[in-house]
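Participant: Here's a structure for you.
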Amino acid sequence: MIGDFVKAELPYFDVCISNTPYQISSPIVFRLLSHRPLFRVAILMFQREFALRLVARPGDTLWCRLSANVQMYAKVDHIMKVGKNNFRPAPQVESSVVRIVPIDPPPPLRFEEFDGLTRILFSRRNKTAHANFLAKGVMELLERNYRTWCAEKNQIVSDDFNIREEVDSILENTGFKESRAAKMDIDDLLTLRPTPRGFLHYIHFPTTMSSGNYDAITKTLSSPPPPTLEEILCAFNAQEDGDKELLAAIVRAKEAEELRVAAVASLQETIMQLQHALAQASGLIPGPRTPPRRSHSTKSTRRRAAPNRSTSR
């Protein structure tokens, strides 16, 4: 493949083996996880520090938002270390090879929602979840997200609504008010995921990833569940109706094109006739020649001259 791997349309593949460019390691990982249909396994080499973050577990020093976001959608294992002396010229960093196996089927959770949650909790990974939610700007953003969600669902927000009280209640009921992201595993994080009628919505949190790549990854990881048989049949019938309408439109367009061509040809013929008539009227083209008519006097003269020629003889 020649081109930008993160932006290119990937073909179907079952196994991916790559020595990845270290400066775009994170976009490559999420680009692979967003690929559909899911691949079977990926064997990738990264910079040692990045690889250790991918395979870190809750409680480890390197357990971070990257670890949680990747392990939410895949199983990651460390295979081997690769020393810098194995390259010529030798780089300044060590490398590691990891194995990534996507979780099939993927969890039914929108990627941007989970990414927004981890962005809050891992902003200060050693602080309590309650302290992170109370951080400057977080409460305002959560309230704005909730009001936006209610507006989209045509629901009314009561005048006495208090987002801080709702967040405190959720953290208290789930038992994670004093928990720290540094020790929370995937199941713990999923406990705070948005619910259909919940108050925690993280979809508008900003991202440091470029908008195009983030939107493409989000669209795929947030894809809805497979359609039912009834939905497939309805879509098929709609497609048949659409094909019939398209075919009828093509026939009408073809007939209109034929009429247009005939009209243009007739117009061109009329123009040529007018031009020819105008040229004749101006004397540029001589008119048709007619043979001269002989007068009766000439004929009678020739008849009278004949006896004279015979008499002289």
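Any Cβ shown, glycine's included, is placed from N, Cα and C.
So TrEMBL has the following annotated:
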- 1-104: domain 'Ribosomal RNA adenine methylase transferase N-terminal' (DOMAIN)
- Met1, Asp4, Asn19: S-adenosyl-L-methionine binding site (BINDING)
- 282-313: region 'Disordered' (REGION)
- 291-313: compositional bias 'Basic residues' (COMPBIAS)
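Tell me about the surroundings of these features in the structure.
Facilitator: On the 0 to 100 pLDDT scale, the model's mean across the domain 'Ribosomal RNA adenine methylase transferase N-terminal' (1-104) is 94.
For Asp4 (S-adenosyl-L-methionine binding site), the Cβ neighbour count at a 10 Å cut-off comes to 10, with all displayed protein chains included.
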Participant: Taking the Cβ of Asn19 (S-adenosyl-L-methionine binding site) as reference, which residues of that chain separated by at least 6 in sequence fall under 8 Å from it?
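Facilitator: Counting only residues 6 or more apart in sequence, the Cβ neighbours of Asn19 (S-adenosyl-L-methionine binding site) under 8 Å are Leu44, Met45.
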